[in-house]
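Engineer: Taken from TrEMBL, the feature transmembrane segment covers A:6-26, A:38-55, A:61-83, A:95-117, A:137-159, A:192-214, A:226-252, A:259-282.
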Amino acid sequence: MDDFFFSLLLAGISVGAVYALIALGLNLTFWTTKTLNFGQGSLMMLCAMLTVIIFSQGLAITLAVVGSLVVVAALGMFIERWTVRPALKSSGGSMGWVVSTLGFGIFLQGMAAKYFGSQAVAFPDVVFTAQDFVTVFGQYISLQYLVVLAVAVALILAFELFIRRTVWGQAVHAVSLDPELALVQGIPVRRLILGSFMLSSVLAGVAGVLIAQIGGTVDPAFGFDLVLLGFVAAVLGGMGSSLGALAGGLLVGVISKLVGGYVSTAAEHGIAFALLMLALAVRPQGLFGRPEVSKA
Amino acid sequence: MLELRDLSVHYGAVRALEGVSLQAAPGGITAILGANGAGKSSLMRAISGIAPVVAGQVLLDGQDIIALPPPARARLGVAHAMEGRRLFRQLTVEDNLRLAWSFGARREKLAASLAEVYARFPILETKARTAAGLLSGGQQQMLILSCTTIRNPRFLLLDEPSLGLAPIIVQQIYGFITDYAAKSGIVVIIAEQMAALALKVSRQGMVLRRGRVVLAGAGEELLRGRDGTTLAASYL
Ligand SMILES: Nc1ncnc2c1ncn2[C@@H]1O[C@H](COP(=O)(O)OP(=O)(O)OP(=O)(O)O)[C@@H](O)[C@H]1O
Ligand SMILES: [Mg+2]
């Protein structure tokens with residue numbers, strides 16, 4: 001296989017797995033509230049940024065990452081309580097959350113620019129450097145990409161196990177199907193919603209750290225494209241479908257890297273939206289989305 | 001003991017319940033009767049916490065629960081089988097039961113609780129892996145009832161359990177409800193339009209009309225009529 005093609009493919013799969021992670025996070029709040037947290041982009045940025053800052057104070061990188069994730073999880077709670085819940089409560093149009101979550105994201109981005117500067121800062125090499133390779137069958141494989149892929153896939157699996165095999169995962173599913181019935185059955189829906197925003201934010205935070213590791217830098221505007229790419233992945237795969245999130249993520253990752261490599265890096269992210277429009281025209285419910293199941 | 005004091009439920013300008021009071025002691029069935037739109041479901045929804053209560057109290061063993069959210073009431077032992085055959089339709093029969101058990105009182109192990117349900121309704125065991133939405137109406141009603149009893153409730157609210165079912169199935173369902181009420185000794189409240197059906201098994205009954213109590217008394221009494229006021233008349 002052509003070396004260049006192969007490296008693009010691996011890069012595409014790696015970032016695609018991260019997009020899938022973002023898409024899973026979006027799915028999670030969609031399940032519990034039928035809303036998406038568009039502030040996730042800024043949470044990705046903030047998590048990566050905080051990791052750099054804490055790390056630069058001389059703490060271990062794992063501590064830096066965990067500490068940043070805790071901050072991001074708390075912000076996820078804040079977003080649910082103060083941007084999504086009021087928007088859902090207010091009468092007249094239920095789309096207020098789009099503006100309020102996006103707005104909070106832009107606010108975070110502004111704060112980051114003010115306090116950390118708008119320059120890109122270097123993200124530390126966590127396990128391997130960008131120059132570390134292994135060769136398999138004569139192909140160079142970037143270890144950094146491999147690690148990112150491994151972490152993303154492990155998290156996707158853990159998330160799926162949690163949703164499918166645990167009572168709380170089942171409860172999330174139940175809330176997505178009939179919130180009122182869930183309430184009268186004693187499922188603490190409020191807490192579940194809060195938890196879904198926290199977990200979704202943590203997934204975004206991890207995605208931010210992983211992408212920053214690959215890209216090598218992070219700046220305040222860093223997450224904006226990413227949350228949109230995750231959104232494209234989620235819609236492509238079928239909003240709410242886990243398998244769809246994975247397929248959509250990989251599709252977006254691979255196609256955008258191939259376009260970036262063979263056509264132009266300027267078109268790399270744009271192509272995802274072309275893909276989105278095409279998919280919506282051909283198959284609006286997404287690859288794995290099912291049309292609404294009608295009530296018998 | 002379940003007690004309602006001057007309970008009012010309004011949906012905006014619609015007054016679904018106006019100053020309704022009720023006392024339901026454990027160990028007997030209370031029938032809530034009334035035509036379409038009388039306020040039966042609103043009364044039950046007010047107890048489980050999903051109706052807009054504007055005035056009045058709901059007391060469980062003397063404790064006013066009006067400020068508690070629905071899950072907290074469920075934890076206190078309120079189980080509500082809502083109207084319209086509400087189930088998690090995309091989940092399997094067993095998943096529905098497991099979920100109901102998981103957030104219930106969990107007095108027994110899951111396996112034992114499931115075995116009890118399946119012994120009572122063997123068809124549910126046969127259909128354990130079938131999506132609940134694909135069951136027949138009667139089977140769905142059996143599952144709904146089982147989802148409430150598997151939680152070991154102390155206050156059981158059943159909203160029109162006979163709706164849309166064949167007479168033979170209605171017999172079976174009512175047989176189960178009476179047995180369960182007698183055996184468990186809990187508070188059971190049934191909303192029904194089929195007055196005779198519910199009153200036959202009830203200790204007491206109440207007839208609602210446009211959100212107000214128009215008749216209340218012992219089940220027998222209401223069934224036979226009293227002081228020239230027949231049950232049928234209060235419906236009109
Ligand atoms: N969510 C709601 N919003 C507005 N009005 C409502 C709502 N739910 C019920 N109502 C109104 O409240 C009144 C009582 O309704 P409720 O459902 O309690 O009656 P019901 O006795 O259960 O009737 P049925 O036998 O048809 O189930 C009706 O006039 C109904 O239209
Ligand atoms: Mg009703």
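Using N, Cα and C of the backbone, Cβ positions are placed for all residues, glycine too.
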Engineer: Cβ pairs under 8 Å only, please: of the recorded stretches A:6-26, A:38-55, A:95-117, which one is richest in them relative to the transmembrane segment (A:259-282)?
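Structural biologist: The stretch with the most contacts is A:6-26.
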Engineer: Can you tell me which recorded stretch out of A:38-55, A:95-117, A:137-159 has the most Cβ pairs within less than 8 Å of the transmembrane segment (A:226-252)?
Structural biologist: A:38-55
Engineer: Rank A:38-55, A:61-83, A:192-214 by Cβ pairs under 8 Å to the transmembrane segment (A:6-26) and hand me the top one.
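Structural biologist: Ranking A:38-55, A:61-83, A:192-214 by Cβ pairs under 8 Å to the transmembrane segment (A:6-26) puts A:192-214 first.
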Engineer: Under 8 Å between C-beta atoms and at least six residues away from its ends: which parts of the chain pack against the transmembrane segment (A:38-55)?
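Structural biologist: Distal contacts: 22, 25-26, 61, 63-65, 67-69, 71-72, 75-76, 79, 83, 98, 101-102, 104-106, 108-109, 112, 116, 121-124, 200-201, 204-209, 211-212, 218-228, 230-231.
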Engineer: Rank A:95-117, A:137-159, A:192-214 by Cβ pairs under 8 Å to the transmembrane segment (A:61-83) and hand me the top one.
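Structural biologist: Comparing A:95-117, A:137-159, A:192-214: A:192-214 has the most Cβ pairs near the transmembrane segment (A:61-83).
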